[in-house]
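Novice: Could you have a look at this structure, given as structure tokens, before my questions?
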Amino acid sequence: MAQDSSAYPGVTGPISLAEPKPFDLELSDKLEEAMRPHGVFESEAELAHRMEVLSRINELVRDWIKDVSRQKNNIPENRINTFGGKVFTFGSYRLGVHTKGADIDTLCVAPRHVERSDFFKSFVELLKAQPEVKDLRAVEEAFVPVIKMTYDGIELDMLFARLALPTIPEDIDLRQETHLKNLDEKSVRSLNGCRVTDEILHLVPNKENFRMTLRAVKLWAKKKGVYSNVLGYLGGVSWAMLVARVCQLYPNAAPSTLVHRFFLVYSKWDWPAPVLLKPLDTENKLGFPVWDARVNPADRFHLMPIITPAYPQQNSTYNVTNSTRTTITEEFKDGLDIVTRIFEGREDWTALLEPSNFFHKYKHYIVLKASAEEEEHYLEWKGYVESKIRLLVGNLERNPYIKLAHVMPEAYGPINESEGQYMCKWFIGLVFHNTQTANIDLTYDIQSFSDAVHKTAMHINLFKEGMKVEITYLRKKQLTQYVPPHILAQGRPPKKKEGGRSSTPGEGRRSSVDKPPNSKAEPDAIREQSESRTSAAGEEDETSQESQVLDVSANANSVAEASNDTEHMQMEMSENPPSEAVSGDHTAGKESEEHNDLGSKRPGSPFSADTPPKRPKDVEQNLPSDDLPDLSSPQTGLPATGFVPLKNSIKLTLK
């Protein structure tokens with residue numbers, strides 16, 4: 001008997017209700033075994049320890065609310081125990097997909113007489129008195145204020161929400177929209193994490209299959225360097241919503257099939273068409289800002305919208321830029337290519353989980369260093385600088401000669417003592433448009449980033465003596481001076497097979513000097529038919545393009561050349577702030593700081609015309625048989641500083 005597709009959640013009905021075949025279940029078991037060596041599953045003892053820590057934190061919160069109540073309004077002692085208070089979890093732990101050593105996202109919910117200021121004062125003081133608490137940091141000025149700490153070896157991020165209720169019942173359901181009434185925006189944002197997580201679990205048809213698929217996708221995303229909301233990739237909740245949508249389309253499919261369908265769906269997705277788990281609300285009863293490109297013109301500039309299912313609906317990927325979207329979509333296509341070969345029996349799941357070839361992919365790199373003299377200052381400085389890297393990527397993207405600025409999310413520490421103890425490095429791979437000759441001036445791009453980092457750090461009183469930011473240009477061959485050998489060995493392209501063909505999928509797709517801005521990308525089908533020719537082009541990128549050199553030349557006031565073939569673009573944080581002639585108000589914690597990255601707000605992308613890899617003719621034997629329909633529906637109406645001059649200009653000459 002045919003099942004009623006309307007009984008399944010989602011903005012459309014399922015594509016297929018087919019049950020898994022024995023082959024699918026066997027591949028799912030193999031997928032689970034392939035993930036185990038990567039620490040994605042916790043033991044029973046580790047899980048029990050997490051639950052114990054959460055129980056102790058919950059007791060601390062209840063005791064703290066009692067103490068705050070005693071100090072306010074002469075509340076009688078017999079009412080003190082009735083106010084309640086509770087700690088909720090959200091994120092990967094609440095979804096059931098956390099890995100070994102992962103942090104736990106928590107939310108402290110308090111009654112109306114407990115203020116946010118109490119949370120960041122008296123509760124922080126209470127935490128400081130706990131011997132189990134280490135690395136305590138309170139970030140009250142953040143867009144979503146948070147307390148970060150390690151409690152008995154478990155990392156915790158704690159948010160705070162004050163409900164307009166006299167007491168907090170033990171069985172309170174945060175999914176109810178009535179709890180949002182009379183709340184400030186910071187409390188609504190803090191509650192949103194729990195509400196979104198619970199809504200996702202409510203909207204997936206099979207939670208166990210969803211969890212296994214999400215574990216695989218998150219592990220793949222981390223290995224490929226596309227897992228980081230702060231740097232413009234996708235964060236955990238965005239990956240969860242992408243997987244949840246595929247689970248809605250294939251409610252009975254096994255995890256192995258869902259992984260294949262995940263790559264198939266999103267390698268073909270017509271961005272910026274949004275991913276929705278439920279229809280957008282037509283009413284906005286409480287008046288909070290809601291994402292809707294039909295109504296809000298600014299929402300039409302988001303490049304890769306993935307919309308949270310809980311009111312008030314928001315785009316979880318507003319940080320995405322042209323470069324990060326291009327990187328993510330290319331990884332989707334490569335992932336589809338690999339999983340297709342897994343279903344054909346030509347690969348196993350370990351091929352999908354191989355590390356990124358980032359350090360072998362480009363000829364030109366920028367390294368951004370952040371350092372401090374004390375450990376406590378370094379932890380603050382590292383997180384702050386990381387939150388600003390999107391500004392640098394956006395500046396580079398807007399340079400007319402730069403086609404792609406690919407930032408690797410992982411930060412690497414010092415490789416020798418001379419680099420200092422408290423230092424980390426991020427790397428950005430650069431791709432230039434293919435021009436005969438060009439003088440590329442990065443002075444403004446780098447200087448405006450330095451101004452923003454420096455001025456905001458001074459404004460929020462974060463800057464301390466010894467904090468530094470240093471930017472250096474590198475050629476690929478110079479990476480050995482900055483990257484540990486075992487990292488460079490990861491993702492290294494294999495030796496060419498007979499006939500010059502590489503066995504690495506997608507190898508040779510990216511060169512450091514690419515096509516002109518208006519040139520049409522080579523269709524993937526043509527590229528696949530001439531794979532050996534593409535591999536040969538990749539070899540050429542390693543040899544003949546050595547003549548394409550980037551030089552840093554100083555201006556007339558320059559007194560020295562860069563040494564040992566390494567060009568430094570260095571902005572060190574000093575005690576003296578930039579000149580007050582710098583304009584612009586970089587106010588910490590405001591939404592403008594979080595959202596106004598112009599590089600992430602341009603409609604469309606020059607790479608959106610790329611087509612996904614062509615499916616091999618013999619794939620039909622083991623692949624799921626149902627074809628993918630048009631996924632563009634339902635339509636949502638979307639249309640497809642100041643400056644302080646450096647002492648030396650930063651100019652790159654492309655020859």
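In case you wondered, yes, glycine gets a Cβ from its N, Cα and C as well.
Predicted automatically and left uncurated, TrEMBL annotations should be read as such.
Keep in mind that what you see is a predicted model, and the values were worked out from it rather than measured.
Pulled from TrEMBL, these are the listed features:
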BINDING   Phe90, Gly91, Ser92, Thr99, Asp103, Ile104, Asp105, Asp157, Lys218, Tyr227, Gly236, Val237  ATP binding site
BINDING   Asp103, Asp105  Mg(2+) 1 binding site
BINDING   Asp103, Asp105, Asp157  Mg(2+) 2 binding site
COMPBIAS  521-531  compositional bias 'Basic and acidic residues'
COMPBIAS  552-563  compositional bias 'Low complexity'
COMPBIAS  587-600  compositional bias 'Basic and acidic residues'
COMPBIAS  623-634  compositional bias 'Low complexity'
DOMAIN    10-204  domain 'Poly(A) polymerase nucleotidyltransferase'
DOMAIN    209-354  domain 'Poly(A) polymerase central'
DOMAIN    357-412  domain 'Poly(A) polymerase RNA-binding'
DOMAIN    417-484  domain 'Poly(A) polymerase RNA-binding'
REGION    484-655  region 'Disordered'
Novice: Cα-Cα separation of Asp103 (ATP binding site) and Asp157 (Mg(2+) 2 binding site), in Å?
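Specialist: Rounded to the nearest whole number, the Cα-Cα distance is 7 Å.
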Novice: In angstrom units, rounded to an integer, how far apart are the Cα atoms of Asp105 (ATP binding site) and Asp157 (Mg(2+) 2 binding site)?
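Specialist: That separation, Cα to Cα, works out to 5 Å.
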Novice: How long is the line from the C-alpha of Asp157 (Mg(2+) 2 binding site) to the C-alpha of Phe90 (ATP binding site), rounded to the nearest angstrom?
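Specialist: The Cα atom of Asp157 (Mg(2+) 2 binding site) is 10 Å away from the Cα atom of Phe90 (ATP binding site).
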Novice: Test of understanding: give the count of other CB atoms lying within 10 angstroms of the CB of Asp157 (Mg(2+) 2 binding site).
Specialist: 18
Novice: What number of additional C-beta atoms lies within 10 angstroms of the C-beta atom of Asp105 (ATP binding site)?
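Specialist: Other Cβ atoms found within 10 Å: 24.
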Novice: Would you mind listing, in sequence order, the residues at least six apart from Phe90 (ATP binding site) in the same chain with a Cβ closer than 8 Å to its Cβ?
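Specialist: Within the chain, Phe90 (ATP binding site) has Cβ neighbours under 8 Å at Asp105, Thr106, Leu107, Gly193, Cys194, Val196, Thr197, Asp198.
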Novice: Out of Ser92, Asp103, Lys218, Gly236, which of the binding-site residues is least crowded by other Cβ atoms within 10 Å?
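Specialist: Candidates: the binding-site residues Ser92, Asp103, Lys218, Gly236. Fewest Cβ atoms within 10 Å: Asp103.
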Novice: Rounded to a whole angstrom, what is the largest C-alpha distance between any two of the residues Phe90, Gly91, Ser92, Thr99, Asp103, Ile104, Asp105, Asp157, Lys218, Tyr227, Gly236, Val237 that the record assigns to ATP?
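Specialist: Answer in Å: the longest Cα-Cα distance is 20.
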Novice: Within 8 Å of the Cβ centre of Asp103, Asp105, Asp157, which other residues of the chain have their Cβ, at the recorded Mg(2+) 2 site?
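Specialist: So the extra residues in range turn out to be Gly91, Tyr93, Ile104, Thr106, Lys148, Glu155, Leu156, Met158.
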Novice: Within the domain 'Poly(A) polymerase nucleotidyltransferase' (10-204) only, compute the mean pLDDT.
Specialist: 92
